[in-house]
Each structure stands twice: as C-alpha cells, then as structure tokens.
Amino acid sequence: MRKKIVAGNWKMNMDYNEGLSLFSEVINMVKDEVTGQQQAVVCSPFIHLHSLAQMAKGYGKIAIGAQNAHQAESGAYTGEISAKMINSVGATYVILGHSERRQYFGENNALLAKKTDTVLANGLRPIFCIGETLDERNAEKHFDIIKSQLAEGVFHLDEAHFSQLVIAYEPVWAIGTGVTATSAQAQEIHAFIRQEIAAKYNDTVAGHTTILYGGSCNPKNAPELFAQPDIDGGLIGGASLKSRDFVDIVKVFN
Ligand SMILES: O=C[C@H](O)COP(=O)(O)O
C-alpha cells in the first residue's frame, strides 16, 4: 500500500512568529484528530525549518520540508541554501520543480534533474512537481509535457533512488486560481503518470509511488479528489495557511 501524504506549501508567506503559531495549531490538531496512517508534511520558508522540526519531534505524523534547494553541494552561491543544510536542521522533504520556480526562476528539467540528485544524495525526499499550463492544455499538449517533465527531470534515477520520490501533479492553471481540475481530469493525468513510471521502471515501483494533486485544493473538494484511485493526497498552497483547513484536508484519509 502506498503512503498517503498531504503536504502544505506555505510559499513566501508567514513571518517567523506567524509561522510558529500556525504550526503549533497544526500540531495540536493533528495530534488530537488524525487517526489514520497518512503523513502530513509542512513545507515552510527556510527561516522556520529548524524551529518547526524541533516542535515536530516525537510526532511521527508530521514531517517538515523545504520549498527549494540548490543543485551544488556547497560553495560560492551567495543567498542559496544547500540540501545538506536543510537535512541538518531536521527537515526530510524538499519541494522541487514547483511551477513558480519554473516560471519565475527559470528552472528547467535539466536543472531540476541535478537538484533531484543532490537532494537525494543528502538523504532528503523530493516532492517533484510537474504540470501543464493552460495554453499547453488547450493545445492538447498536456500529456507530452508531463511525459517530458518526467523523462528529463527524474527518469535518469535508478529504481532505488526513484522510489524515494513523491510526485505532485499541479496543473498550472489550477494553482491559486480557485479553479480546481475536476477529479476526472486529475485522475486521468495521475493514471498516465503511473503508467509512465511502470513503463520506465516496473509495476511495483509504479504501484508504490505516491502521486499528489495540487491546485486550489480545499476541504470541500479534497474528499472527491482523494477518492480517485491514483490520487494519493495533495500539495496544498493557500489552504495550508489556515490550520483548520489544512488539518481538515489531512483528515480526509482518517
Ligand atoms: O504548492 C501548492 C500549489 O501551488 C497549490 O497552490 P493553491 O492550493 O494555493 O492553489
């Protein structure tokens, strides 16, 4: 049985104290209300990581993640944060390839392949994001885009390394727009992603890969989305900034 995961991506929100207070609410609710085997992951800005990891100690149901990491191990890259640093403060996940990183910071599949290697080499699990823009969907190129993002971003990995990945399908047109992919649209792509993984590796690896949906996911639409056979949870943006909403989404798997 593959792992069910609900990951919150705070993006560039929450100052230090706001983040601690939000996280403290999340921990308390998760502790009291989450009864299933699902994993909650909170991906905060770098400044919170150490404190959140300390606060989460002893609560196996909550893990901490970063939102990016540099591809180099270390060196003269002013302003950047390495995977080793992220690991050293107790985070265990790193979001890679988010469409905002691709769009605003020019991250392409080749760069993301390097970042994936470095993150894995430092014992962290990438949450690797893929997804098409509205223009690409309207031009019916969405399957090709997904195929090439997987092929160029992560299919160079051997089976053992690939098995550490979480994949997140986030149609760019659904991110922060209030427009969610229908459960049928999301399931279609998730099934396609799983097929691609099976074709590259094998059915066992495909069957064990957690594939998250992201894009305007909220407590109302999450139950239907997460009921789809190939959707194993969500990558949650806006709704992860409200403890009640985030934990209600986590609780869909109770
Ligand atoms: O990483 C999260 C996604 O970008 C989704 O963001 P959203 O839930 O605000 O649409």
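Along the chain as shown, the residues are counted starting at 1.
Glycine is treated like the rest: Cβ placed from N, Cα and C.
Features reported for this protein in TrEMBL:
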- Asn9, Trp10, Lys11, Gly176, Ser216, Gly237, Gly238: substrate binding site (BINDING)
- His98: active site, electrophile (ACT_SITE)
- Glu170: active site, proton acceptor (ACT_SITE)
Quick check on the binding-site residues: of Gly176, Gly237, Gly238, whose CB has the lowest count of neighbouring CB atoms inside 10 Å?
Gly176
Annotated binding-site residues Trp10, Lys11, Gly176, Gly237, filtered by Cβ under 6 Å to ligand 1:
Gly176, Gly237
Which of Asn9, Ser216 (the binding-site residues) has the most other Cβ atoms within 10 Å?
Asn9
List the residues of the same chain that sit at least 6 positions away from Glu170 (active site, proton acceptor) in sequence and have their Cβ under 8 Å from its Cβ, in sequence order, or write 'none'.
His98, Ser99, Cys129, Ile130, Gly131, Tyr213, Gly214, Gly215, Leu235
May I ask you to report the DSSP-based helix, strand or coil state of Asn9 (substrate binding site)?
strand
For Lys11 (substrate binding site), write down the residues of its own chain that are at least 6 apart in sequence and whose Cβ falls under 8 Å from its Cβ; none is a fine answer.
Gln67, Glu100, Gly237
Look at the recorded positions Trp10, His98 and tell me which residue has the greatest number of other C-beta atoms within 10 angstroms of its C-beta.
His98
Where does Gly238 (substrate binding site) sit by DSSP, helix, strand or coil?
helix
